[in-house]
Amino acid sequence: SVVKSEDYALPSYVDRRDYPLPDVAHVRHLSASQKALKEKEKASWSSLSMDEKVE
């Protein structure tokens with residue numbers, strides 16, 4: 001039998017009403033558009049559009 005170990009590098013994702021988390025679980029690898037948004041977030045957040053602030 002093979003024992004699967006848990007990866008504790010990222011927080012565990014649990015959907016609970018008393019401790020809400022975002023709908024999207026934490027991701028290990030960002031897409032190109034997500035990386036671009038992360039770089040844009042390093043500047044002033046007032047330059048972000050409303051859609052970018054929601055993402």
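Each Cβ is built from the backbone N, Cα and C atoms, and glycine gets one as well.
Per Swiss-Prot, the features are as follows:
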MOD_RES   LYS4  N6-succinyllysine
MOD_RES   LYS4  N6-acetyllysine
MOD_RES   SER31  phosphoserine
MOD_RES   SER33  phosphoserine
MOD_RES   LYS35  N6-acetyllysine
MOD_RES   LYS35  N6-succinyllysine
MOD_RES   LYS42  N6-acetyllysine
REGION    32-55  region 'Disordered'
Which residues, sitting 6 or more apart from LYS4 (N6-succinyllysine) on the same chain, put a CB under 8 Å from its CB?
none
Fewest other C-beta atoms within 10 angstroms of its own C-beta: which of the modified residues LYS35, LYS42 fits that?
LYS42
Taking only the Cα atoms, work out how far SER31 (phosphoserine) lies from LYS42 (N6-acetyllysine), in Å, as a whole number.
17
Taking just the CA atoms, what is the gap between LYS35 (N6-acetyllysine) and LYS42 (N6-acetyllysine) in Å?
11
10 Å Cβ neighbour count around SER31 (phosphoserine)?
9
Other C-beta atoms that fall within 10 angstroms of the C-beta of SER33 (phosphoserine):
9
Summarise the region 'Disordered' (32-55) by DSSP state, stating how many residues are helix, strand and coil.
18 helix, 0 strand, 6 coil
How big is the Cα-to-Cα gap, in Å, between SER33 (phosphoserine) and LYS42 (N6-acetyllysine)?
15
